[in-house]
Amino acid sequence: MAFQVRTRAATPIDPPDHGAPRRELRTDIQGLRAVAVGLVVLFHLGVPFLPGGYVGVDVFFVISGFLITSHLAREVTGTGRLRFGRFYARRIRRIIPVALVVAVATFAVALLVSSPLRLERIAADAASAALYVPNMWLALNGTSYLTDSNESPYQQYWSLGVEEQFYLIWPALLVGLFLLARRRSGRPWRLLGVGVTALVLVSLAASVWFTPTRQAWAFFSLPTRAWEFGVGALLALLLLARAAGDQRWSVPAPVRATAGWLGLLVLVGVALVYDAQTTFPGSAAVLPVAATALVIAAGSFGPVTGGGGVLLDRAPMQFVGRISYSVYLWHWPVIVFATELWGPPGLLSGTVMLAVTVLLSMASYRFVEEPFRSGFGAGSFRAGLPSRTVIVAALVTALVLAAGFVGLGKLASRGELDAGRPAATGEPTAPPVFTPYVPDNLVPSLRAASSDVPVLYGDGCVLDFVTTRIPDCTYGDPNGTSTIVLFGDSHAAQWFPAVERYALDRQATLVVFTRSACPAADVRMSSPNGAYPQCDAWRSAVLDRIDALDPALVVTSNYDSFGFLAGRRSADDLPTWRAGVQRTLERLPAGRTVMMADTPHFADAPSNCLAAHLDDTAACALPRAEALNGEIREASAAAAAAAGVPMVDLLDHLCTDTTCGPIAGNRLLYRDVHHLGAAMVDALAPVIEQRLDAARSTG
């Protein structure tokens, strides 16, 4: 997140012989901060007309690159050296205090409102934020900023991590490039610009290369984001070269005014057009970055009337720009916790969340940002870093880490979440008998729920979004006299324990073809990375493999959801979905294909809910109509009937006529929001075997 740095109004970088310049507020940049944070906040509030509001973060990156490079270059040209200690002390005073205050406050709220299981994950996120590596932590966990539904209240810290890492590297790199360029030429800034341009191009190329295949790393890591800072840095160096030259060339005011408006229009247009399915960052980030550079450049070559500054200079924009850093830090935990307690933001609740964010931001700006920036902690060691700044930053960091340990200690003092309650027994029944409490012998335990996956995952047989090869995933009887195929997305993979037992009992070889978010249905899908051409190619290749195998039985299933369906996501997609399901079923072996009906869906992982309602599992149940994607389910059934393919439906073992619950007997039914746990499917195996046989006899 960018923060307030003052530069000269007309030329942010002065000639080297002008001495220490008087620095004035760049009101256009202050207003641009308001635009950036406004886009991000409205995007996170779910405002429907700004699906690409996430580009506001890119605006902050360009601003940071411009202002920091302006400051560093001014000091190097004015004094011939760079005081690294002073630079980092200034960054500490401006960035860290309020960031750590928000981090501590966030953890305190989490202790009050989050379930014990969720709190364990939040503690790890808090530690990563305190250590300034949240972007790496999110990338390691494969988080999708644009689509992930299990948000961390610290997720907004990723951009702060990127900036901190940029500040750690950039000063030394810039000075090194400057010294090298000065040694080789009398015009060092020109060669310096060439060096920075090369770095920008390498970073941009890396972003374009990795975004389609490793989107989490491309989105969250500094190497693939550095070019955005670099564009701002290049603009700063361009102005330095202009200021240091014999002739100060100028850009006509009408051109600058047009450029400013064009930049703002492009920036807003991108926020209107981009969405969660845009392959981002990659080449798609070029537009918002270039637009930001245009706006900054428009105000960098002298005063201009009638340009974008007419909007950016307005008092409301200046107010929001001043508190933009605090707004960015506060808005996300406010939204996450409010959503956790009261549901997704609507018009009224979203307005309340926004108001709370602004009030908190005003308070933190007044009582944290400003005191550290201008007064408290400004004394200095002779060796460099200000003593009080270092001490306070270290203390607050320790508090955040301590808060994480306190949270984990609180969990440990409770003992096992599922301990100390009566055991429960009972095999799956139809209708199910839901256990009203979390039993002592729950299988799996609440902590192990998310790991209750079929062995397919460990074997690499549920392909990710980027893998193109089709691995050899053979199970069952290796010397079987017949072949059974399991084909579909992760909702087909969830049936593996029962289908494997079915194959073993019939001396059959089981061949598995499954891929995340890629249904057997012939529909065009998208992924968290954007486009998902791998899905279409994989599906086509698998169908050819199935033809060659000539199996005795194909078991297929799909996730009945428009969540990753490319394009629109509404009832208008039902004909598309039904036609796609029917095309695939008609392509599979006639009379030898069975489709498993999809399973219920929950808003939150039942294990999370149960951890907060150990004695009242009914609080984690859903009405049957709410747990089922009824229209899509009916469309799938209609497609199967039209293709002459029988369906096997286990809904009578998962829901009563009115309710879908999380625990039956001592079985935890679900491992996450919409997948059955492997243990539950294994318990259902005898029922599934009987129904597969019955379906084959009618098919």
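Positions of Cβ are set from backbone N, Cα and C atoms, glycine also.
Copied from TrEMBL, the annotated features are:
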- 28-365: domain 'Acyltransferase 3' (DOMAIN)
- 471-690: domain 'SGNH' (DOMAIN)
- 1-20: region 'Disordered' (REGION)
- 31-47: transmembrane segment (TRANSMEM)
- 53-73: transmembrane segment (TRANSMEM)
- 94-113: transmembrane segment (TRANSMEM)
- 165-182: transmembrane segment (TRANSMEM)
- 189-210: transmembrane segment (TRANSMEM)
- 216-241: transmembrane segment (TRANSMEM)
- 253-274: transmembrane segment (TRANSMEM)
- 286-311: transmembrane segment (TRANSMEM)
- 323-342: transmembrane segment (TRANSMEM)
- 348-368: transmembrane segment (TRANSMEM)
- 389-408: transmembrane segment (TRANSMEM)
- Query: To the transmembrane segment (323-342), which of 31-47, 53-73, 165-182, 253-274, 286-311 is linked by the most Cβ pairs under 8 Å?
  - Reply: 31-47
- Message: I'm a bit unsure how to read this: which one of 31-47, 189-210, 216-241, 253-274, 348-368 has the highest number of Cβ pairs shorter than 8 Å with the transmembrane segment (94-113)?
- Response: 348-368
- Could you pull the average pLDDT for the domain 'Acyltransferase 3' (28-365)? 88
